[in-house]
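Some notes on the structure that comes next.
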């Protein structure tokens with residue numbers, strides 16, 4: 001089941017639990033605006049190339065719309081739609097004053113030179129500049145984009161609207177980016193894990209962890225879990241997987257990675273088969289990479305007691321059912337990986353105030369938001385007698401529905 005079908009299914013289930021009016025339910029699913037633009041640029045060899053860019057703005061009942069921009073050859077309108085909708089519920093779960101959006105350009109960023117990427121980003125910004133804004137829609141980086149992409153958008157947007165640092169988040173620090181933003185999603189995953197474990201009378205120290213995916217989120221989560229006394233016994237990424245039952249030396253692994261080494265060549269651990277990773281013996285499994293990695297083929301073999309969804313949609317609905325029957329506790333993506341958007345919100349607030357925070361304040365506020373959201377999810381679980389995923393969805397959908405009703409949606 002793809003991300004769109006799964007998100008819609010979760011939404012409908014939450015809406016039934018909440019007893020939402022069918023007209024309201026329908027109106028919450030319909031996106032506010034879908035934008036599609038043609039971006040034509042000269043390539044470095046003098047030829048012209050055209051790329052399709054789009055932005056789906058899903059809902060603005062609770063505030064400006066917020067979501068990433070991805071550069072990827074398969075930017076599919078359906079998927080962008082699902083991700084925009086997911087951002088609406090995610091920002092509501094985290095209780096930050098945003099709605100959801102998502103966008104992208106269908107291109108292969110690896111095949112474009114830096115100057116071609118810059119031209120493409122600027123043309124895209126020129127086409128959508130009057131449809132985004134500090135209090136309308138605030139983009140951020142996603143797959144295939146980074147802080148440099150955000151710097152180009154900021155510069156191009158500012159040519160039309162004057163200096164506007166709050167137009168995008170995930171910017172370079174020198175242009176008004178926030179300290180702690182780089183580690184935010186991984187750090188948020190750790191705060192979420194702590195909140196869940198505390199509920200069960202446990203702490204990170206002494207437990208064993210398996211991490212699938214060692215990009216930004218996976219590597220930060222691994223470092224912070226290691227600092228807090230967690231034992232990371234296996235890690236995998238696209239290049240291969242490694243294990244060490246006594247715990248992998250994460251600082252040494254990070255040095256190896258930063259020197260350009262691949263995971264499977266790391267000396268302090270043994271190589272294992274990628275398929276083994278997700279069904280490895282451990283207390284906590286953290287998928288941080290692609291969606292759909294836990295499915296009906298492998299769910300029955302999962303040995304972890306807790307799964308923390310740091311990736312978007314790593315567990316498909318069939319696996320969800322199998323795992324719940326086994327008594328595995330799943331902390332849903334819509335909450336577990338919200339650290340990134342929460343610190344994006346802090347960046348936006350700092351830009352609007354023109355007053356920057358130190359990193360300690362960023363991390364302290366992030367912990368406060370993650371812990372608060374977990375308490376709110378648990379109280380929804382009690383009210384509706386449901387699992388954590390439905391607790392999070394009912395929390396998010398209920399907040400958006402209340403805001404929509406208060407604003408008067410039928411007028």
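Residue positions begin at 1 at the first shown residue.
Glycine residues also receive a Cβ, built from the backbone N, Cα and C atoms like all the rest.
Summarising the annotation, TrEMBL assigns active site, proton donor to 102. Residues annotated as substrate binding site in TrEMBL: 66, 90, 344. As annotated by TrEMBL, NAD(+) binding site applies to 185, 216. Among the features that TrEMBL reports, site 'Important for catalysis' is placed at 142.
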Return only the integer: C-alpha distance in Å from residue 66 (substrate binding site) to the residue listed as 'active site, proton donor'.
7
Given the binding-site residues 185, 216, 344, which one has the fewest other C-beta atoms within 10 angstroms of its C-beta?
216
Suppose we draw a 10 Å sphere around the Cβ of residue 142 (site 'Important for catalysis'). How many other Cβ atoms does it contain, all chains included?
20
Within 10 Å of the Cβ of residue 102 (active site, proton donor), how many other Cβ atoms are there?
29
Cα-Cα distance, maximum over 66, 90, 344, record's substrate binders, Å:
13
Out of 90, 142, 216, 344, give those recorded positions positioned within 10 angstroms of the residue listed as 'active site, proton donor', comparing C-alpha atoms, in sequence order.
142
Taking 10 A as the limit, how many CB atoms besides its own sit near the CB of residue 66 (substrate binding site)?
28
Of 142, 185, 216, which is closest to residue 90 (substrate binding site) if I measure between C-alpha atoms? They're all recorded positions.
185
